[in-house]
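*Asks:* As listed in TrEMBL for this protein:
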- GLY112, THR113, ASN114, GLY115, LYS116, THR117, THR118: ATP binding site (BINDING)
- 28-98: domain 'Mur ligase N-terminal catalytic' (DOMAIN)
- 110-305: domain 'Mur ligase central' (DOMAIN)
- 328-456: domain 'Mur ligase C-terminal' (DOMAIN)
- LYS218: N6-carboxylysine (MOD_RES)
Amino acid sequence: MKLKHVLKNLPFESNLPKYLENLEIIGIADNSMEVADNFLFIAVKGIHTDGHDYIEEAIANGAAIIIGEKPMSYKTSIPYLQVDNSRKAVGQIAKNFYNNPAANKTMVGITGTNGKTTTSYLIKHLLENSGKTCTLIGTIENIINGEVFHSYNTTPSALVLQKILAESKDEVVIMEVSSHGLSQHRVEGIEFDYCLFTNLDHEHLDYHETMDNYFQTKLLLFDYLKKHGKAIVNSDNPWGEKLANILKMRRIPVYSIGKAPANQMQIRSFNNSTIEFSDNNDLIQMKSPIAGVHNMYNILMAYTCATLFGINKSAIMSSLSKFRGVNGRFEMFKHTNGATIIVDYAHTQDAVLHCLTTAKQFSANHITHIFGFRGDRDISKRKEMLTVSSILSDRYILTFDDLNSMSESAMTQQLNQLQTNYGNEKGRIITDRTLAIQWAMENSHAQDWILITGKGHEKYKQLFQLPTESDKETVLYVMEQNYRKHFQDDDALLSQGTMEDEDFEIYPN
Ligand SMILES: CC(=O)N[C@H]1[C@@H](OP(=O)(O)OP(=O)(O)OC[C@H]2O[C@@H](n3ccc(=O)[nH]c3=O)[C@H](O)[C@@H]2O)O[C@H](CO)[C@@H](O)[C@@H]1O[C@H](C)C(=O)N[C@@H](C)C(=O)N[C@H](CCC(=O)O)C(=O)O
Ligand SMILES: Nc1ncnc2c1ncn2[C@@H]1O[C@H](COP(=O)(O)OP(=O)(O)OP(=O)(O)O)[C@@H](O)[C@H]1O
């Protein structure tokens, strides 16, 4: 592609020297290591390092032109063009290079602290059941043209994102838009048809510092709405209510969900598995296909989005009844002893609150909550999460989550401190996550609930004692061990002639 096309809509588009206009660019990169002959390299000042320091390497790898945001202190052997903001330029350049691939798709962007992933799968399910093809971009995976790809970021870099859009032959793109993605301009160059806001809760303040900054960053998503684009907002969340008011002042059509009568989708009543709401004049009652108070909001967000796509209500209700849930999100297992075990991705106070409340609403006899905290991540939310758990659970176990660069001893010390300062007598520390789960399962009974939160679908980064790689695997492993033990004991009894066949409980059942 000719450079003049690659640089369309960038400030220097009109005053490019003639000899540069027709320069053939065969690839673009913001990482010097990915540069090859006739590439355009964009130097980005990052969080860990500065792409401007790799300009010479990019040139050595074959770059034909460099874009950067800093004045050059030396003369480069190839042209250097300066922009105000390199990260923004990456989005615009990638959009041009891939021929604006979002233009012929319906784009749905979902932001918020919790619920983005669940809502995105719900919307995909509803749209696909109505015959549309969907690309999904998010935390768990990217699904493009029906094929599943590993996801490295919730919201990929602008360059990767535009490439994905160019590869997608699907009609609709449903993507999670993280606050990191917004602050780093990863969706620059995209216009959304629908933008959704699920909620805002204490998270990522290591990055955004204050809740207000965090909110302002989330608000940026709505700058990317198309002229006639629509917003869907959960106004039961106080930040959502604030957002809805701001958007209305901007004359953006807002479809809000919440308990107040002013909402388009007014929630009349709900519990952990049923919801009653009014959609204009229709009163709708629904049994939820996924448990959890929080999921009632996710379902309603997805329902609203599907109606805006023109799908009729009965088709939506029928599809919803077939939804099978999301990997690692309030996933339920029935222990052989009758206890209920939940694996969930909750890693904020609000999410923990919703999970524990749901267990209570299901009349759990005794609730054990197993959780930890990620190393190198927002430490200020830890005491809030522990406080909620120590109030709502009957017993909690603090354990390891990903340590990242933190040492085991530093995290153990941190857990001890938290337990001393904000915990209570309900708590204990078992640092090995697999042993914590095993202990809780071995010490549970019928009607008890065990909630294991924080890791959800993710694999362990630490090595633990049991030979498992995720919470779900650990739960299944302990159940199997339990079953084998039971089976061996029963075998022994059978050989002594004291055991009846019908005494066996078959697992999995
Ligand atoms: C901390 C953070 O947000 N980092 C993101 C950021 O990278 P960075 O600024 O750290 O990059 P850097 O390493 O400083 O490098 C700066 C520049 O030098 C270039 N470089 C570097 C080395 C070299 O040899 N040559 C070279 O050219 C790099 O390609 C880059 O362009 O910009 C990259 C491109 O957009 C992101 O992929 C990267 O996400 C990292 C992998 C990450 O883990 N981010 C997390 C915090 C994140 O974004 N999470 C959210 C979800 C949060 C949530 O809700 O849970 C997400 O959307 O994934
Ligand atoms: N609407 C909601 N309100 C509060 N908590 C929620 C809501 N939806 C989900 N959660 C909680 O948040 C956890 C993460 O949910 P989900 O993955 O759908 O959100 P997310 O926004 O994609 O999260 P992340 O950005 O961390 O990937 C769930 O496991 C659940 O505990």
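Yeah, the Cβs are placed from backbone N, Cα and C, and that goes for glycine too.
Keep in mind it's a predicted model, so treat the numbers as computed, not measured.
Describe the structural context of these features.
*Replies:* According to DSSP, LYS116 (ATP binding site) is assigned to a helical segment. The Cβ of LYS116 (ATP binding site) has ILE110, GLY138, THR139, THR154, GLU176, VAL177, SER178, THR198 as same-chain neighbours under 8 Å, each 6 or more residues away in sequence.
Mean model confidence for the domain 'Mur ligase N-terminal catalytic' (28-98) is a pLDDT of 94.
On its own chain, LYS218 (N6-carboxylysine) has THR111, GLY112, SER179, LEU182, PHE197, LEU200, TRP239, LEU243 as residues at least 6 apart in sequence with a Cβ closer than 8 Å to its own Cβ.
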*Asks:* Secondary structure at LYS218 (N6-carboxylysine) (DSSP, helix/strand/coil)?
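*Replies:* Helix, per DSSP.
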*Asks:* For a three-state summary based on DSSP, what are the helix, strand and coil counts in the domain 'Mur ligase N-terminal catalytic' (28-98)?
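*Replies:* So the counts come to 25 helix, 17 strand, 29 coil.
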*Asks:* Cβ under 6 Å from an atom of ligand 2: which of these recorded positions qualify? The list is ASN114, THR118, LYS218.
*Replies:* ASN114, THR118
*Asks:* Counting only residues 6+ away in sequence within the same chain, which have a CB under 8 Å from the CB of THR117 (ATP binding site)?
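*Replies:* Non-local contacts for THR117 (ATP binding site): GLY138, THR139, ILE140, GLU176, VAL326, ARG329, TYR345.
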*Asks:* Can you tell me how the residues of the domain 'Mur ligase C-terminal' (328-456) break down into helix, strand and coil by DSSP?
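*Replies:* Residue counts in helix, strand and coil order: 49 helix, 27 strand, 53 coil.
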